[in-house]
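Please read the structure below before turning to the comments.
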Amino acid sequence: MYASREDIGYDFGDDSKVGSKPIKPNPNIDGGWAWMIVLSSFLVHILIMGSQMALGILNMEWLEEFNESRGLTAWVSSLSMGITLIVGPFIGLFISMCGCRKTAIIGGILNALGWILSAYASNVHYLFLTFGVTAGIGSGMVYLPAVVMVGQYFQKRRALAQGLSTTGTGFGAFLMTALLKYLCTEFGWRNAMFIQGAISLNLCVCGALMRPLSPKDVVSEKYVVRSNSEDNQAKALSHSAETIKSNGVLSEELEKKEEATNEEVLDSVQYTETGGKSRSGRNMYGLRILKTVSQLTVTVRKGFAVWYSSYFGAASLFTNRVFVAFIIWALFAYSSFVIPFIHLPEIVKQYNLSSQNNVFPLTSIIAIVHIFGKVILGIISDLPCISTWNVFLMANFTLVTCILSLPLMQTYVSLAVVCAVIGFSSGYFSLMPVVTEDLVGTKHLANAYGIIICANGISALLGPPFAGWIYDITHKYDFSFYISGLLYMVGIIFLLIQPCIQKKQPREKSTEEAQV
């Protein structure tokens, strides 16, 4: 059912020669600077995801300021949250060309610019461009590198590291809600957004902490020994993996030929520069510019080649059937988590439970337990005898059961219990990067996870309006939860049937298996 990245063999190229020579592990893997990466990712989740969870404060201010409809005004927050995730595949291109550190720093500047420009908004449509698009793209440029870097720096405790870093979302929801409420009360919403823009510049500091690993350290990760339970489950997927790998060898050879040609161009420029020392300073300056442009061109072409081959080339990620099933699951999953946050207050009002909910809101119960769920599920997944995939599936089954049963609960206590279970089981979000990395490998994590969060973004963007549309027709939220829960179940079924289909297909033993 489940396959680790070593068993799938999604690493492009033949590593049999490299595997014969043991590589000394980097002390920063699973320790040292790796924990600074976790801290950086934790702060990114506070500043980005936490701020987006607190946009309800600003939404009330915008309604009062611009006197627009609730539906139109709500699109500002929806655009910001949706675009942050939807731009994932394109951010993967930036990471391939510039690396995680530069991408995150540029994104921090763009995010801060979006907040600051929004302080001068004259209407809601202005906010669509400045906050929804500009700040949303900037958030996406920081969020994806924060997740990818944690995956690169951890091998044995990846699930725990991702769980700790993503708890920043829960902490940020509380901190940013209190901060924005205070700033709006004391200084007004415009000055509050200006101040928040200045605070968002700290994302550049978080990006600067994302020190890249050398390619040697990333390659050495392939030789980490996995648990026997995962190795046994991996056999179900090796057929499609071998096809991907054979295609990947061809693309790698083409890349090497292209690199050799580019190096010859750079050498010729360098030779011309060296031989022209007696020339004027203007000519030397021009040669340096030419050399810089040539190096930049090589970097951009190489990054684009990696990005293009991941999506459209012979070694496309979409040739991995389980990964495709994972994408289909992501299209339905995220809305099932977002819808309760959006519509629970209305349900509480319908059941006349507002007085109890004001003492301890149900959404706060989800947020608090969600923090513990991420950490605990991460710890469980890192146990040698436990499969991350099985933990991921069990959490999904639990969550979809709660979504389907939520409309049946009509007392505050029963709703609180279901919301607590929703919060805990939705902690599987911290396992999503781990499962993605296991399917495609560290080298393709940025592009692959970009696709997954893009699917989540589409789900988050369309899910709540769809639930509102169902309510307008039926005047009940029950059907919204039932339909979203059933669609969620369809996604889970896709995750279950794909490994079974692959297991039935005959396959030949790979070279690596023969050596073992």
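Cβ coordinates come from backbone N, Cα and C, glycine included.
Feature annotations, reproduced from TrEMBL:
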- 33-55: transmembrane segment (TRANSMEM)
- 37-503: domain 'Major facilitator superfamily (MFS) profile' (DOMAIN)
- 75-96: transmembrane segment (TRANSMEM)
- 103-121: transmembrane segment (TRANSMEM)
- 127-148: transmembrane segment (TRANSMEM)
- 160-180: transmembrane segment (TRANSMEM)
- 192-210: transmembrane segment (TRANSMEM)
- 322-342: transmembrane segment (TRANSMEM)
- 362-380: transmembrane segment (TRANSMEM)
- 387-406: transmembrane segment (TRANSMEM)
- 412-435: transmembrane segment (TRANSMEM)
- 447-467: transmembrane segment (TRANSMEM)
- 479-497: transmembrane segment (TRANSMEM)
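Beyond the transmembrane segment (103-121), the same-chain residues lying 6 or more positions past its ends with a Cβ under 8 Å from any Cβ of the stretch are 44, 48, 91, 94-95, 127, 130-131, 133-142, 144-146, 190-191, 193-194, 196-198, 200-208, 210. Mean pLDDT, taken over the domain 'Major facilitator superfamily (MFS) profile' (37-503), works out to 78 on the 0 to 100 scale. Same-chain neighbours of the transmembrane segment (387-406): 1-2, 159, 227, 229-230, 233, 329, 333, 336-337, 339-340, 373, 377, 380-381, 415, 418, 421-422, 424-428, 431-432, 434-435, 438, 481-482, 484-486, 488-489, 492, 495-496, counting only residues six or more beyond its ends whose CB sits under 8 Å from a CB of the stretch. Under 8 Å from some Cβ of the transmembrane segment (127-148) lie the Cβ atoms of residues 40-41, 44-45, 48-49, 52, 62, 75-76, 78-88, 91-92, 94-95, 100-101, 103-104, 106-115, 117-118, 121, 162, 165, 203, 206-207, 210, 433, 445-446, 449-450, 453, all in the same chain and six or more residues away from its ends.
With Cβ pairs under 8 Å as the measure, the transmembrane segment (447-467) is packed most heavily against 75-96, out of 75-96, 192-210, 322-342, 412-435, 479-497. Sequence-distant contacts of the transmembrane segment (362-380), counting only residues of its own chain at least 6 positions beyond either end whose CB sits under 8 Å from a CB of the stretch, comprise 53, 159-164, 166-167, 169-171, 173-174, 340-341, 344-345, 348, 386, 391, 395, 415-416, 419-420, 422-431. Looking at 33-55, 75-96, 160-180, 192-210, 479-497, the range that has the most CB pairs within less than 8 A of the transmembrane segment (322-342) turns out to be 479-497. Ranked by the number of CB pairs under 8 Å to the transmembrane segment (160-180), the listed stretches 33-55, 75-96, 192-210, 479-497 are led by 33-55.
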